[in-house]
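What follows is a single structure, written as structure tokens, with notes after it.
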Amino acid sequence: MSYIEKTDPELFEAIKKEAERQEYKLNLIASENYASKAVMEAQGSILTNKYAEGYSGKRYYGGCDFVDIAEDLAIARAKKIFNAGYVNVQPHSGSGANMAVYFSVLKPGDTIMSMDLSHGGHLSHGSPVSFSGKLFNIVPYGVSKKTEMLDYSELMKKAKENKPQMIVCGASAYPREIDFKQFREIADEVGAYLLADIAHIAGLVVAGVHPSPVPYADFVTSTTHKTLRGPRGGIIISKTEELATRINKAVFPGLQGGPLMHIIAGKAVAFKEAMSEKFKQDQVQTVKNAKTLCKCLKEKGFDMVSGDTDNHLMLVNLNNMNITGKDAEAALSKAGIIANKNTVPFETRSPFITSGVRLGTPACTTRGMKETEMELIADYIETAITNSENDKILSETSDKVRELCSRFPVYC
């Protein structure tokens, strides 16, 4: 009997059911993955008991000798995998990391140019409902209506017109490669700081599957889960020592008190795992799987935003399928496939309904699935969406998905 089962049977039952859901449902949520048992062991360790306000060697509490080792390991490993000079591993989240960057060099009312949420950006990049949209003047940019991809000449034009203090590149639902070098040139043209948010593609960057922004951006932020397969948390990479000093002050005492030392330990484990050849192979396979799934869906008549993918995710515009993103998400769920509704470029529906779904391959790749399975999954997706109101067919598809998942256990 586990400690949780003995102490809190109700919670234990919920965790047990969640474990079963993760095992037998097909996870195509682009921002989710499976952390290793080693990462989870670090997260559940006695390090959760320790307060450690400040930074390694300069704490406001005694008894930090060993948690200093954990943080030092996380920093050194992050520097190595990203080929970076300055890293802060204390942010509790990706949004918090972005907030720290803004507060380190901007003041309220300054102008930030960032990707519109409905075109693939992120809430923390300036959405009106986010702190970023409330505190700063946001100039949104989007994709070309013709190509559904970024048009860098248009971005240059917009930057010159608005002269932002900061430009944010990176996205939560953009399937194509981002040219960080061109973003640097645009930022330099108007004297803006450049922040690259690589929360979604960090694992791909580490493995060399996607170009790195580190040589170009003043700041790089990321979550440590998603393609990195670590614990839920954030990191910040700074280009210079002066910027790193600003970041450290913005994180603590600016935004946070005590860092989560058990999570930082989990980050250290994940960064070590990211140095392995297996990790690199998985990132390469993640993109191969995404390209295969995208190709198969396109051949079945689905409208794939921008026509292809260069990374771990794809966006499906469902307008030609006469189904909303909300209804497609529900149908897929009944078929045992977990995805999320998503706005598409030039969206006409509300964010609660949407015209699209976002699909990603990190989690199923971590399970060991490859191109052959992607072809099967495309069939299951087509069946679910074209039979969204037929519970019998959806149930039969769910059985097939369960059988597929049973051949690729999450934790062997």
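Note: Cβ is positioned from N, Cα and C throughout, glycine not excepted.
If you look up Swiss-Prot, you'll see Leu117, Gly121, His122, Leu123, Glu242, Ser350, Pro351, Phe352 marked as (6S)-5,6,7,8-tetrahydrofolate binding site. Taken from Swiss-Prot, the feature site 'Plays an important role in substrate specificity' covers His225, and the record attributes it to sequence analysis. Per Swiss-Prot, the feature N6-(pyridoxal phosphate)lysine maps to Lys226; the stated evidence is sequence analysis.
Everything Swiss-Prot records as a feature, shown here on the structure.
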{"residue": "Leu117", "record": "(6S)-5,6,7,8-tetrahydrofolate binding site", "contacts (Cβ under 8 Å, 6+ apart)": "Leu123, His125, Ser127, Thr343, Pro351"}
{"residue": "Gly121", "record": "(6S)-5,6,7,8-tetrahydrofolate binding site", "contacts (Cβ under 8 Å, 6+ apart)": "Ser114, Met115, Ser127, Pro140, Val168, Ala171, Ser172"}
{"residue": "His122", "record": "(6S)-5,6,7,8-tetrahydrofolate binding site", "contacts (Cβ under 8 Å, 6+ apart)": "Gly94, Met115, Gly170, Ala171, Ser172, Asp197, Ala199"}
{"residue": "His225", "record": "site 'Plays an important role in substrate specificity'", "contacts (Cβ under 8 Å, 6+ apart)": "Ser31, Glu32, Asn33, Ala35, Pro231, Arg232, Gly233"}
{"residue": "Lys226", "record": "N6-(pyridoxal phosphate)lysine", "contacts (Cβ under 8 Å, 6+ apart)": "Ala30, Ser31, Glu32, Asn33, Ala199, His200, Ala202, Gly203, Pro362"}
{"residue": "Glu242", "record": "(6S)-5,6,7,8-tetrahydrofolate binding site", "contacts (Cβ under 8 Å, 6+ apart)": "none"}
{"residue": "Ser350", "record": "(6S)-5,6,7,8-tetrahydrofolate binding site", "contacts (Cβ under 8 Å, 6+ apart)": "none"}
{"residue": "Phe352", "record": "(6S)-5,6,7,8-tetrahydrofolate binding site", "contacts (Cβ under 8 Å, 6+ apart)": "Lys326"}
Taking every pair from Leu117, Gly121, His122, Leu123, Glu242, Ser350, Pro351, Phe352 (the record's (6S)-5,6,7,8-tetrahydrofolate binders), the biggest C-alpha distance in Å rounds to 42
Which secondary structure state does DSSP assign to Gly121 ((6S)-5,6,7,8-tetrahydrofolate binding site), in the simple three-class scheme? coil
Going by DSSP, is His225 (site 'Plays an important role in substrate specificity') part of a helix, a strand, or coil? coil
Let's check the environment of Leu123 ((6S)-5,6,7,8-tetrahydrofolate binding site): how many other CB atoms sit within 10 Å of its CB? 16
Neighbouring CB atoms within 10 angstroms of the CB of Pro351 ((6S)-5,6,7,8-tetrahydrofolate binding site), all protein chains considered, total 15
Where does Pro351 ((6S)-5,6,7,8-tetrahydrofolate binding site) sit in the DSSP three-state scheme? coil
